[in-house]
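According to Swiss-Prot, the features are:
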- 14-99: domain 'GS beta-grasp' (DOMAIN)
- 106-469: domain 'GS catalytic' (DOMAIN)
- Glu131, His270, Glu358: Mg(2+) 1 binding site (BINDING)
- Glu133, Glu214, Glu221: Mg(2+) 2 binding site (BINDING)
- Glu209, His272, Leu273, Ser274, Arg340, Arg345, Lys353: ATP binding site (BINDING)
- Asn265, Gly266, Arg322, Glu328, Arg340, Arg360: L-glutamate binding site (BINDING)
- Tyr398: O-AMP-tyrosine (MOD_RES)
Amino acid sequence: MTTANEVLKQIKENDVKFVDLRFTDPKGKLQHVTMDVVCVDEDMFADGVMFDGSSIGGWKAINESDMVLMPDPETAHMDPFFAQSTMVIFCDILDPVSGEAYNRDPRGTAKKAEAYLKASGIGDTVFVGPEAEFFVFDDVKYKADPYNTGFKLDSSELPSNDDTDYETGNLGHRPRVKGGYFPVPPVDSSQDMRSEMLTVLSEMGVTVEKHHHEVAAAQHELGVKFDALVRNADKMQIYKYVVHQVANAYGKTATFMPKPIFGDNGSGMHVHLSIWKDGKPTFAGDEYAGLSESCLYFIGGIIKHAKALNAFTNPSTNSYKRLVPGYEAPVLLAYSARNRSASCRIPFGTNPKAKRVEVRFPDPTANPYLAFAAMLMAGLDGIKNKLHPGKAMDKDLYDLPPKELKKIPTVCGSLREALESLDKDRKFLTAGGVFDDDQIDSFIELKMQEVMRFEMTPHPVEFDMYYSV
């Protein structure tokens with residue numbers, strides 16, 4: 001375990017000029033305040049740094065705005081993007097009066113979920129492996145004014161540029177719709193950029209594995225190694241930061257929106273989960289696909305609470321433009337070995353250590369701390385209450401006849417439905433005080449503001465369909 005003194009030693013050895021204290025707001029956005037190194041000492045690590053939390057959506061009101069950033073020495077790493085030597089440290093949020101963890105701090109919630117797992121006796125570690133996809137565009141323009149609403153995206157990879165005149169000529173070699181998975185360059189035009197992203201991630205302490213082009217034009221994925229829940233939530237925040245920064249350095253712009261382009265695949269964030277105890281995997285056994293009974297119950301919990309989970313795993317109105325049949329979107333609440341059309345998949349693996357559940361409906365707009373914690377709580381509720389998921393569905397669920405299809409439950413169809421589902425189904429989250437009602441209520445209120453704005457704003461497609469009626 002890295003101590004404050006060890007971090008202070010690293011600061012001297014690396015001639016660090018600034019320390020960037022970072023934390024995550026309820027929406028999942030990384031925030032920061034930069035400290036001059038002269039202010040960084042043992043007292044800062046012991047007492048934390050006061051800041052005004054009233055400007056953070058979903059947090060305290062202006063009359064009780066003081067909060068404490070408490071640096072976590074374990075998370076210290078160098079930021080290669082700044083001109084001045086800068087160390088980054090992730091922080092927890094504390095209440096200055098009680099000194100306790102602030103109940104609406106997402107990272108604090110994730111820590112409580114890990115502690116709840118240990119206290120349950122079911123396991124001592126949950127490993128999480130997220131697979132976040134993203135788009136990179138050459139140019140993006142959007143406007144959401146009352147009299148000017150719309151957007152325009154551009155990338156040299158888009159099929160719409162087949163006949164575009166470029167100064168150096170149009171060289172062709174671009175992926176077709178749903179054809180980006182995964183030809184070599186020059187069809188894949190972003191090999192070097194993704195390699196740079198992976199290199200920087202490794203330099204910042206993230207264990208990397210691979211990268212590749214994704215199904216849609218201008219869509220990509222980086223592969224990082226699984227880790228414990230809080231650590232990999234931290235790493236997912238680093239992942240998104242690096243993707244944005246490297247794309248920017250290449251003169252491009254990256255987005256984790258699930259569905260920026262109609263008619264092509266959207267970006268998901270499949271999440272692999274496995275529980276271990278005393279250094280041994282608990283999900284391996286003699287049941288279906290080599291799973292243990294507790295793993296099946298875990299899946300049962302995910303399926304039972306999926307609609308409530310959607311509020312955290314798919315927390316944007318745009319999320320539900322991805323969660324529609326026909327675009328490899330896992331909308332059907334079923335489980336299967338290897339079958340990618342099911343929302344819960346059991347990846348193939350003969351080694352007991354490889355036994356895990358892949359939850360396929362999350363997307364990268366999720367706050368990783370809240371989403372990972374919520375999925376763990378749903379799975380633990382399944383184990384505690386022995387919620388068997390029923391028979392596995394090994395056929396292609398997309399090709400089922402309508403009569404059979406109607407029998408399979410689905411994920412939510414909108415953010416409004418997800419928030420309403422969370423409001424009704426929350427007891428599994430508040431078990432052990434991991435989440436609490438105040439936190440859930442404030443999250444619903446925060447996200448319902450987005451729903452209302454989206455539902456009340458006229459859409460360009462409506463003009464296309466109705467203007468001349």
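Just so you know, glycine gets a Cβ as well, placed from its N, Cα and C.
Owing to the predicted nature of the structure, the values given are computational and were not obtained by experimental measurement.
Annotated features, which come from Swiss-Prot, shown on the structure.
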residue	record	contacts (Cβ under 8 Å, 6+ apart)
Glu133	Mg(2+) 2 binding site	Glu214, Gln219, His220, Glu221, Ser267, Gly268, Met269, Pro364
Ser274	ATP binding site	Val126, Phe127, Phe226, Pro281, Thr282, Phe283, Lys355, Arg356, Val357
Arg345	ATP binding site	Pro330, Tyr335, Ser336, Ala337, Arg338, Asn339, Val357, Glu358, Arg360
Lys353	ATP binding site	Pro281, Ala284
Exercise. Check Glu214 (Mg(2+) 2 binding site) against DSSP and tell me helix, strand or coil, would you?
Key: coil
Exercise. Report the DSSP secondary-structure composition of the domain 'GS beta-grasp' (14-99) as helix, strand and coil residue counts.
Key: 15 helix, 36 strand, 35 coil
Exercise. Could you tally the C-beta atoms, other than its own, that fall within 10 angstroms of the C-beta of Arg322 (L-glutamate binding site)?
Key: 24
Quiz item: Among the recorded positions listed here (Glu209, Arg322, Arg340, Tyr398), which has the Cα closest to the Cα of His270 (Mg(2+) 1 binding site)?
Solution: Arg340
Quiz prompt | His272 (ATP binding site): tally of other CB atoms within 10 A of its CB | solution = 18
Exercise. Restricting to the domain 'GS beta-grasp' (14-99), report the mean pLDDT as a whole number.
Key: 94
Quiz item: Which of the recorded positions Glu131, Asn265, Gly266, Arg322, Tyr398 has its Cα closest in space to the Cα of Leu273 (ATP binding site)?
Solution: Glu131
Self-check item: Rounded distance in angstrom between the Cα atoms of Glu131 (Mg(2+) 1 binding site) and Asn265 (L-glutamate binding site)
Solution: 15
Quiz item: At the level of the C-alpha atoms, what whole-angstrom distance separates Gly266 (L-glutamate binding site) and His272 (ATP binding site)?
Solution: 19
Quiz item: Tell me, by DSSP, whether Lys353 (ATP binding site) is helix, strand or coil?
Solution: helix
Self-check item: Other CB atoms, at most 10 A from the CB of Asn265 (L-glutamate binding site)
Solution: 22
Quiz item: How long is the line from the C-alpha of Arg322 (L-glutamate binding site) to the C-alpha of Tyr398 (O-AMP-tyrosine), rounded to the nearest angstrom?
Solution: 15
Quiz item: Where's the emptiest Cβ shell within 10 Å among the binding-site residues His270, Arg340, Arg360?
Solution: Arg340
Quiz item: Hey, of the binding-site residues listed (Glu131, Glu221), which one tops the CB count within 10 A?
Solution: Glu221
Exercise. Restricting to the same chain and to sequence separations of six or more, state which residues have a Cβ under 8 Å from that of Glu209 (ATP binding site).
Key: Gly223, Val224, Lys225
Self-check item: Gly266 (L-glutamate binding site): secondary structure state under DSSP, collapsed to three categories
Solution: coil
